[in-house]
Structure formats: structure tokens, C-alpha cells
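What Swiss-Prot says about this one:
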TRANSMEM  2-22  transmembrane segment
TRANSMEM  60-80  transmembrane segment
TRANSMEM  130-150  transmembrane segment
TRANSMEM  173-193  transmembrane segment
TRANSMEM  246-266  transmembrane segment
TRANSMEM  278-298  transmembrane segment
TRANSMEM  374-394  transmembrane segment
TRANSMEM  412-432  transmembrane segment
TRANSMEM  483-503  transmembrane segment
TRANSMEM  525-545  transmembrane segment
Amino acid sequence: MIWVAVVITMLLFILVAKPTGIYLEKAFQGSKKLDKVFGPFEKLIFKITGVKEYNQTWKQYALSLVLLNGFMIVVVYFIFRLQGVLPLNPAHIEGMEPTLAFNTAISFMTDTNLQHYSGENGLSYLSQLIGITFLMFAAPATTLALVMAFIRGLAGKELGNFFVDFTRALTRVFLPIAFVTALVFVALGVPQTLDGAVTAQTIDGVKQSIVRGPVASFVSIKELGNNGGGFFGTNSTHPFENPGQMSNILQMMLMMLLPTALPFTYGRMVGNKKQGRILFVSLFMVFLLGFITITTSELNGNPALNAMGIEHVQGSTEGKEVRFGTVFSSLYATVTTAAETGAVNTMHDTLTPIGGLVPLVNMMLNTVYGGVGAGFVNIITYAIIAVFISGLMVGRTPEFLGKKIEGKEMKLIAVTILFHPLLILGFSALALSTSLGTDAISNLGFHGLTQIVYEYTSSAVNNGSGFEGLGDATTFWNITTGLVMFLGRYFSLVTMLAVAASLKEKTVVPETVGTFRTDNGLFGGIFIGTIVIVGALTFFPMLVLGPIAEFLTLK
């Protein structure tokens, strides 16, 4: 029965992807029906804010994005610092210390949602609503807007206006879907209230304080926007965030909704629907491989415990919730790191070595399918590299969407590809070279190395999940992960927008018999191979020293 439920869940991922992709294309490219519904409200927003609907250059678009996000970071930083004297604070929670406020503001603005605090004890309701939830809408809207400009550039069209795209992302995508799904979560048992904690008497007569709050509205955008931060410290393992299997499946669907839809949106916008389908299918195969690997490892149990003769019919159940089971916990871990969300319904630090390797590799690849917008930019980065390598092998000038890929584009792409591992491995090396970093390790040896690398990988790709045995609530970790989150977010977005702008100016080369097609199975295979060779092998030495060495030791 459990496998039937898994297959149905997978089919739901596939069935909703294309219709959502079509909707996104209409929402951003102009649809008379949608303009009639949302247009008046959007025009009112533009009038109040003074936004003028004109086409921006790539530099203007990127600058608008960075400045708006920077302004939001500053505003929310002061909300966190001053929450102790602000209203909606029934628990009388004090303001955050400076480095934690710095880390948290950047974390939620970059769609990472790395949390070095416990949700219910670290933030007031005002901070949760005005600070956290506000950024949970703004962060994915930022990258969804950018990916639309990116695709327009690839299609040879004007990039558009960031503020217009940002507004449409909010009004036409995130607000309506989040509102409806929040109501569904309430129906499934997730609380939604501004009342403070309640005191309950347990069956043994002890009084217990039960924290609640506006959880349903928080969870809906948490998953839809690939945010991942928890209202409660234990995230989606908490019964108030994720009461049962229905809410669990809905959360996974929301995480996968926009990332899986974007290949179809891309195909329609560039006039090559088949290429969009090839990208979707290729990535889904990689996703399935990851799910099969982690599930097999978790069902086989912990090798050390198996050697002691301990029963493991349910697999490795350490750190897992009984109401979800091993299989759906494995699926959730695969989804949350493939879609770069970071929400967890099981403790990733307790996964078996190979089980923990899958979420880590998903994040290192950052393409299967990646987070809202930013993930798809990475997908196209690897697609262009695949075309470039193929062109070199046959002695032809590489072409993508009929446009020549030349030195300027490849230099920007090369810098983008190299920057990602440099951030992760460079800061990991820094942490390992000082007691400020190594003192946070709770498990010495191979697993301790994995804890550190996982933290910086999660930060760099804006995932936010963690091996929570790491004691990261310190000044060192707050500052270093904050820097990694900021650089990991904006550097690649700006450089790849420059690539799209460069391709926009190029004329389309007529297709010939010798043109390397990017809408067939051959390209799909080369695309997957490029992801594995360029992406996974970059981190292979670290994976050998971390989870693989731990696995061999346990064996």
C-alpha cells in the first residue's frame, strides 16, 4: 500500500507540472483574462509605488533586484533586533543578538531559511508575520521574476521590468495559491491563531505549555516558495506543522509545483516545447535515482546496528516520525533537497551515510530541479555547457536556441560554475582550520566533516536544511553562513542574467543538417552526463572523505 501511495504522489508531481507551467507563461507574458482579474490591483500598486512599466537593461534589472532585496534585509534586521519592545509578543521574547539577526534576515531574504534559532522560542508573532512571512513571499517572487527575464533574454526578447515581474509573481502566483492551500492546511489540522500558548494538563498530571500561532499561513508559503523554514524548531516533524500523511503529501506537492513547472514555461516562451519536456524528463530521472538510493539505504537499516542482530524490518527509524514512516521520510528528504526547500520531516543528521549522501548531492548539483527560479537558471547553465562540450567534440561552433555560444558567454558561465564549489569548499576549509568551526561538531571523524560541508552547501544553494547535530548558533557560524548565503544567491543570478542579455542581442543562425538538436533524447543524455561530470565530480573527493568513508567504516 505504501508504494501505491508513493507512485500516486509521483504522478501528482508530473500531472500538475505542465498546467502550472502554462499558467506561469500566461501570468508573465500577458493574458487578457488574467490582466482583467489582476490588472486593476497591480496598476494601483504601481501608482502608489511610482513604478513605471518600461523595459530595463540587464544591469538595471539586476540593480533593481539587489537594491530592493538589500532594503528588505535592513528593515527586517531591525524588526528582529527590536522585537522585544514591539507588539504581538505574548511570550515576551527578547530581541535577537546582532549576528543572529544578520544571519536570519539574509537567510529568509535569500530563500534559504537557515535557522540558528528555534522558531517558537526565538521570534515574536510580529517577527513571524511581518519579518519572516513577508520575506517568504518576497524571496521566491524575486527569483521567479528574474527567471522570467532570463528566459525572455534567451528567447531574444526584451528582459522586461523587475518591479512589474516582482509584483505579478506576488499577485498572480504566490498570494492566491498560498491563500487557498493555507485553508486546506487548516482543514487538515494545522492551527491558525494569534493567541498565545495554552497550558494543558498531561495524563500524569504535569502542566505543559503548548505553543501555537499563525502556522497554516506560514506553512503554505514555506513550501510553495521553496523557503523551508519552520514555525517550530523541529520544522515539519512537528504535528502542528505537518499533522499526517495528507498534509505531508500536500507539502511535497507544493515544494515541487513551481520548479517542475518552469521547464514547460521555458519551452513555451522560447518556442520549443519539446526542449522543455526533455529537460523535465531528464531531471525527473535523476530525481528518481536519488529517491531509490536513499530509500534503499534507509530500508536496509544502519549497518552497525544490523551487525548486532537488532531487528530492522522498518529500516533505519532513528530521527523519523512514525506517522510518516521510512519510505515517505526518504521521499520528503529527496524532494526538499531537490527543490532546494530545506523543510524536513525527519532529522537529516540521523540518516544512514548513503541516505545522507543523497540530500547532500542534490544540493551540490542544485539542478534537480532547484529552487523557484534560481534552480532553473542553473539548469540552463548546465544545458549550455552540454551544448558547448558537444560542439567542441564535433568541431562546430556551439549553438543554443539558434544562437552561437562564444567566449563572452562561456567566461561568465565558467566563473558561475566555479564560484559555487569555491564557496562551499573554501568556507568548509576555513571552519575546519579553526576551533571556532570544529568546536561545533557533535560527531568527530567522517560524520563531523559531513556536518560542516552540509551546512555550507545548504547555505550556498539556499536550501536551509542542516545536519542539526552541528552547534551552529554561534557568532562564527552566523557570520560565515550569512556571507555564503548572500554570495551564493546573488552572484550566479547576476552573471547568468548577463549571459541571457548577451544572447538576446545575437541573431538566430538558421538550422542545418549539422545543427546539434537540444530537443531529443541524445541531448537529454548528454545533459545528465554534464551534470554528473561537471557537478558531482567536483565534490567527489569530499564525498569520499565524508559519507562514503563513514559508510565503509560502518560496513
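Along the chain as shown, residues are numbered 1 onward.
Backbone N, Cα and C define each Cβ position, glycine as well.
Counting only same-chain residues 6+ beyond the ends of the transmembrane segment (173-193), those with a CB under 8 A from a CB of the stretch are 24, 27, 137, 140-141, 144, 212-217, 219-221, 224-225, 240-244, 246-247, 250, 254, 257-258. Nonlocal intrachain contacts for the transmembrane segment (483-503), taken as residues 6+ away from its ends with a CB within less than 8 angstroms of a stretch CB, comprise 57-58, 61-62, 65-66, 69, 106-107, 110-112, 114, 143, 146, 149-154, 156, 159, 374, 377-378, 380-381, 384, 400-401, 403, 408-409, 412-413, 415-416, 419-420, 423-424, 427, 456, 459-462. Looking at 60-80, 246-266, 278-298, 525-545, the range that has the most CB pairs within less than 8 A of the transmembrane segment (130-150) turns out to be 60-80. Three or more CB pairs closer than 8 A are found between the transmembrane segment (246-266) and the transmembrane segment (2-22), so contact between the two stretches is assigned (pairs 6 or more residues apart). Here the transmembrane segment (60-80) has Cβ contacts under 8 Å with residues 86, 95-96, 100-102, 104-106, 108-109, 123, 126-127, 130-131, 134-135, 138, 142, 145-146, 149, 159-163, 166, 490, 493-494, 497-498 of the same chain, all six or more residues outside its ends. With a threshold of 8 Å between CB atoms, the same-chain residues lying at least 6 positions outside the transmembrane segment (278-298) that come near it are 14, 17, 260, 263-264, 266-267, 315-316, 326-327, 329-331, 333-334, 338, 351-355, 357-359, 361-362, 365, 367-369, 379, 383, 518-521, 523-525, 527-528, 531.
The list of residues near the transmembrane segment (2-22) in space but at least 6 beyond its ends in sequence, with Cβ under 8 angstroms from a Cβ of it, reads 245, 249, 252-253, 256-258, 260-265, 267-268, 276, 280, 284, 325, 327-328, 331.
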